[in-house]
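Listed in TrEMBL for this protein:
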COMPBIAS  72-82  compositional bias 'Basic and acidic residues'
REGION    70-90  region 'Disordered'
TRANSMEM  106-127  transmembrane segment
TRANSMEM  134-156  transmembrane segment
TRANSMEM  190-209  transmembrane segment
TRANSMEM  221-239  transmembrane segment
TRANSMEM  245-264  transmembrane segment
TRANSMEM  271-292  transmembrane segment
TRANSMEM  304-328  transmembrane segment
TRANSMEM  340-359  transmembrane segment
TRANSMEM  365-385  transmembrane segment
TRANSMEM  392-414  transmembrane segment
Amino acid sequence: MTSTEIQNSGEEPCFRLEHLPGKSPHLAGKESPQVNSRWDAPQVMANGVHDIEDRILRITGYYGYKPGYSSHRREDGTESHAETPVSETSGDGTAYQTCVNTVLKVLGGLLVVLCVSSCWVGITQVVQLTFKSFSCPFFITWFSTNWNILFFPLYYSGHVATTREKLTPIQKFRECSRLFGEDGMSLKVFLKRTAPFSILWTLTNYLYLLALRKLTATDVSALYCCHKAFVFLLSWIVLKDRFMGVRIVAAIMAITGIVMMAYADGFHGDSFMGVALAVGSASTSALYKVLFKMFLGSANLGEAAHFFSTVGFFNLIFISCVPLILYFTRVEHWGSLSSLPWGYLCGVAGLWLVFNILVNVGVVLTYPILISIGTLLSVPGNAAIDVLKHEVIFSVVRLAATCIICLGFLLLLLPEEWDTVTLRFLTTLADKKTEEHGEELTESSVHTRSRSRANGVVSIPMA
């Protein structure tokens, strides 16, 4: 059959090896071996592709050849390729779930930031409203601190509502008492550990309220943000934390803002006294945080709730005598209990309790840096209320001082490895730009070569 007939018939060419006549392919006297399975005729597929491949492999003597090898190999490849998307799908699902969790965590953090900022703005504004009819800052501080006793009962209620293995209040209290040591809570530990923190807590809030009687809410909240710089300086000196140049710059900026704030109305009068009180509040707050880190370390949500309730209990027992002394000495005198503005007092105490709860819950559920940003956002919040409601006009010096303090606060939020991370990011960005530039050069050279070929010009590469 000629090649033309083969093509017209539509059949595949077949090659067959025949024995010579009279010759046996095997030696005489030897039993003819069985036909090897590799010489078996392959199964002809519908398209004939596998059959041709098998014949080529058989003729060329491919080692380890088996009939249908190519088809098996293709089927195995198909199965392997079919399995690959499953792993890719599972990897994509894990990445998607991680991305969703991160987004939810960030959104929850932003919600907590708004709540923290709103609570701090509410505390500052309600206190100023209270001063119009009841100017007793220490009594307000003492009354609000007593509400911290409710922190642990609220935490235990949440524990009962969300946990299957429920502990009794005594068991949970003892479990959270490990913050004070392995021996738990005792009278000696109670007085030794709680007394200094309770005094610093009361002093911080009392000085903050005194400053609100001298300055606007915006100025006091901006000056209070300097506590972050004081925490860094004390941690560097006392706790031997890592030295960071950017944080030293931030601390200098905070001090500069304080000086500018005091200079705004001259170094005399109520303005200077208000700045001193606000800076004193920020200093005692920084000392409180550094001592807590030194003696108690880090605390989870249950331990924090236990600690705040203990501070409130200490305040109720041992500091209740101070408002009475101030009352009888006419330093802070009020009329009958029925004449007190209980609505404002309860509002300040409730907002302070919610603020403390949000700060501790937010640190556990979201990123701690977002909680710090919430405190910073109270500055523009108070400024908006002062301008719109109280019609306060800020001088250029006060605005500049506030901006400098806020910028220093943001610099203090930078992580310790910010320089390494920034250099790594810049290096990656530079490498990516270099790769993109190289790809553009390659594409342009290919385009130029194709145009040269289209014009009949052949470029001969140099050897």
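Residue numbering: from 1, along the chain as shown.
Using the three backbone atoms N, Cα and C, a Cβ is placed for every residue, glycine included.
Remember, it's a predicted structure, so these values are computed and weren't measured experimentally.
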Folded-back contacts onto the transmembrane segment (392-414), same chain, C-beta under 8 angstroms, at least six residues removed: 216, 218-219, 222-223, 225-226, 228-229, 232, 244, 246-247, 249-254, 256-258, 260-261, 263-264, 369, 372-373, 376, 379, 383, 386
Two-stretch contact, the transmembrane segment (221-239) and the transmembrane segment (340-359), at least three Cβ pairs under 8 Å: no
Candidates 106-127, 190-209, 245-264, 340-359, 365-385; stretch with most C-beta pairs under 8 Å toward the transmembrane segment (134-156): 340-359
Selected stretch (most C-beta pairs under 8 A with the transmembrane segment (271-292)) from 190-209, 304-328, 340-359, 365-385: 190-209
Any contact, the transmembrane segment (340-359) to the transmembrane segment (245-264), with at least 3 Cβ pairs under 8 A: no
Leading contact stretch, 190-209, 245-264, 365-385 vs the transmembrane segment (304-328) - CB distance under 8 Å: 190-209
Sequence-remote partners of the transmembrane segment (190-209) [C-beta within less than 8 Å, at least six residues beyond its ends]: 127, 137-138, 140-142, 144-145, 180, 220, 224, 277-278, 280-281, 284-285, 287-288, 291-292, 295-296, 307, 310-311, 314-315, 318-319, 352
